[in-house]
Amino acid sequence: PKMKEDNCLHAALICLGMLCYSHAITTEKLNHTRPSLHGHHEKGKEGQVLHRSKRGWVWNQFFVIEEYTGPDPVLVGRLHSDIDSGDGNIKYILSGEGAGIIFVIDDKSGNIHATKTLDREERAQYTLTAQAVDRNTNRPLEPPSEFIVKVQDINDNPPEFLHENYHANVPERSNVGTSVIQVTASDADDPTYGNSAKLVYSILEGQPYFSVEAQTGIIRTALPNMDREAKEEYHVVIQAKDMGGHMGGLSGTTKVTITLTDVNDNPPKFPQSVYQMSVSEAAVPGEEVGRVKAKDPDIGENGLVAYNIIDGDGMDTFEITTDYETQEGVVKLKKLLDFETKKSYSLKVEAANVHIDPKFISNGPFKDTVTVKISVEDADEPPVFLKPSYIFEVQENAASGTVVGKVHAKDPDAANSAIRYSIDRHTDLERYFIINAEDGNIKTIKALDREEIAWHNISVFAVEVHKQHQEAKVPVAIKVIDVNDNAPKFAAAYEAFVCENARSNQQFITISADDKDDSANGPRFIFSLPPEIIHNPNFTLRDNRDNTASVLVRRDGFSRQKQDLYLLPIVISDGGLPPMSSTNTLTIRVCGCDSNGSLLSCNAEAYILNAGLSTGALIAILACIVILLVIVVLFVTLKRQKKEPLIVFEEEDVRENIITYDDEGGGEEDTEAFDIATLQNPDGINGFIPRKDIKPEYQYMPRPGLRPAPNSVDVDDFINTRIQEADNDPTAPPYDSIQIYGYEGRGSVAGSLSSLESATTDSDLDYDYLQNWGPRFKKLADLYGSKDTFDDDS
């Protein structure tokens with residue numbers, strides 16, 4: 001059936017195309033093959049005859065139908081000039097867009113044909129230029145002129161939607177005619193020619209729920225009260241048809257998926273009227289008992305439900321919270337339970353929507369209630385003390401076995417098992433207390449001292465006799481009551497100072513006391529002197545009645561020569577019952593003071609000043625003693641130096657005797673940097689060179705003939721002279737005394753003679769020549785000349 005319909009449509013298009021083609025040809029002949037006018041005269045003003053030249057041929061626009069598929073080329077039109085007598089001397093030429101490719105002209109007849117199928121949607125018109133010329137000379141007979149070939153449209157393009165699929169949302173229960181979405185299609189055909197591009201919209205699928213406006217493509221709701229909970233998604237097919245929707249028009253379709261969005265139009269509902277729950281009496285507050293859930297078919301915030309307890313005998317014992325992830329009401333324990341007291345509870349729970357839409361308030365009420373019954377299960381509970389904690393008091397120094405107090409616990413279960421008590425020894429490491437396991441009486445084991453521990457905090461266990469795992473624990477605080485068993489003492493280790501020039505009734509120290517007992521058995525302190533020294537001639541005591549006392553001088557003046565130290569006993573009593581007292585000794589030292597009473601000295605060495613020697617004399621004696629000590633030390637040092645041997649033993653290191661002078665010469669090229677005369681005679685012109693490392697016992701006068709000339713600059717002669725002097729010097733020690741001169745000579749095969757550098761570095765030099773340098777270099781020759789032999793032996 002579809003193929004038959006396509007064949008009929010094709011036949012209709014061919015007929016329509018032939019009709020249009022015939023109309024175009026007829027119009028073309030009427031408009032374009034007009035004879036030219038020659039010799040038309042027009043009489044102007046003042047009798048002047050005007051001549052107006054007419055064109056030899058007239059052109060306009062040509063039409064050619066698109067998509068022509070016939071066997072022969074389509075005749076577009078014919079060009080003809082009045083000067084064409086038909087003898088073939090005129091040649092027609094065609095140029096411009098598509099000339100020679102799409103459009104060809106018969107140069108004799110002027111007929112223009114289209115050799116290819118044209119598509120208006122690709123190109124709607126072509127601009128061409130025509131000209132008539134002489135065939136033999138190609139001389140233009142007419143001026144060139146342009147004309148247009150328009151491609152005439154046929155309905156060959158179906159409508160196309162902008163999108164293949166559309167998605168839209170509309171709230172459920174929307175009124176009829178509510179706009180959902182607008183779909184738009186376009187047609188590539190010419191909208192100015194015929195009805196090829198005139199579109200009409202219609203709905204193919206989706207009725208009776210939705211409709212579409214034929215001219216605009218707007219989709220609207222067609223049914224009232226569409227319920228999302230019944231059906232959430234709809235698939236609608238929209239058709240756009242050209243030719244105004246008439247028979248023979250082309251069409252295109254698109255799919256539209258319409259989703260109903262949720263509104264709060266459903267109240268929550270419990271699936272059952274009663275919930276049964278149970279909980280153990282051993283449960284702790286905050287423990288979950290059970291859950292209830294009201295179903296709301298709405299989604300999102302429209303389906304949110306909040307739970308509350310609105311009635312029941314368990315309102316104070318239980319509570320309910322909302323789990324917004326599961327939309328459940330969680331029943332939790334609020335207080336401790338006791339099976340023996342109450343075995344069941346009843347609650348009335350309400351579930352209500354959080355967000356209510358005023359448009360659908362008539363569908364309410366948006367809440368529901370349910371009854372929750374909770375039964376309490378019996379549990380094997382541990383013993384329970386009658387009090388959460390106990391506080392007892394006991395006097396310190398109480399006899400062993402004194403009763404402190406009694407704790408009591410019971411088994412809350414119906415069995416009412418017997419209870420046994422014990423003390424947690426981790427809280428009573430010193431074992432001050434003991435408890436009667438059967439009745440819970442706590443007694444002391446040994447005497448208590450409040451000054452050591454004022455409070456004892458212990459823990460008492462209670463366990464069932466037949467169920468040792470059931471255990472309870474209670475804290476017990478025992479306060480030790482103070483007894484006046486400590487006498488007051490000095491608050492600090494006092495040491496008083498009194499001036500020799502002190503006046504009678506002069507205060508020189510204030511003392512206070514301290515008592516380890518409680519304040520009730522401590523202050524007020526009473527200070528006094530013992531009865532046997534109450535008439536002490538030197539000092540007296542004044543109680544200030546503020547727990548302090550002042551010590552005063554009873555007579556004028558003291559003498560350190562006679563007595564520099566006094567011991568004053570002081571009796572201190574407390575205010576306890578019975579009162580306690582102690583005797584404390586105050587040390588009083590006699591000191592020298594200035595006229596203002598400031599201490600100068602409390603030492604006893606000044607007592608001997610009256611023996612006939614003044615301070616200056618004592619200082620002079622001490623200075624003489626120091627001088628004598630210095631002389632003795634110097635004498636001993638010199639004697640030791642004379643006894644030291646001048647021979648260096650084998651084990652001593654010759655490098656210990658190196659004397660270094662930090663004078664550096666300017667090199668052998670620099671003759672002005674250092675005067676050689678300084679080396680020749682550093683101590684004067686007499687030529688005597690004192691040894692700086694030892695003190696010679698007698699003077700040696702070198703031979704005058706061996707001293708080089710004062711102005712000589714021959715270093716070799718200078719060194720040889722010095723070596724000869726050293727070899728012949730009887731005062732020189734037998735060990736090497738290396739002298740370093742801050743002058744660099746012309747060079748030597750021996751290089752540096754420093755034993756410091758040669759002893760710490762590996763050198764390839766041959767030191768055998770040291771054997772030829774004389775006895776002064778024998779030590780160096782022994783150290784370095786036998787290196788190879790030593791290496792071979794090792």
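Including glycine, each Cβ sits where the backbone N, Cα and C put it.
Those TrEMBL annotations? Automatic predictions, nothing curated.
Here is what TrEMBL records for this protein:
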- 1-24: signal peptide (SIGNAL)
- 81-161: domain 'Cadherin' (DOMAIN)
- 162-270: domain 'Cadherin' (DOMAIN)
- 271-385: domain 'Cadherin' (DOMAIN)
- 386-490: domain 'Cadherin' (DOMAIN)
- 490-607: domain 'Cadherin' (DOMAIN)
- 617-638: transmembrane segment (TRANSMEM)
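In this model, the domain 'Cadherin' (81-161) carries an average pLDDT of 83.
Taking DSSP states H, G and I as helix and E and B as strand, the domain 'Cadherin' (81-161) has 0 helix, 36 strand, 45 coil.
The helix, strand and coil residue counts that DSSP assigns across the domain 'Cadherin' (162-270) are 3 helix, 47 strand, 59 coil.
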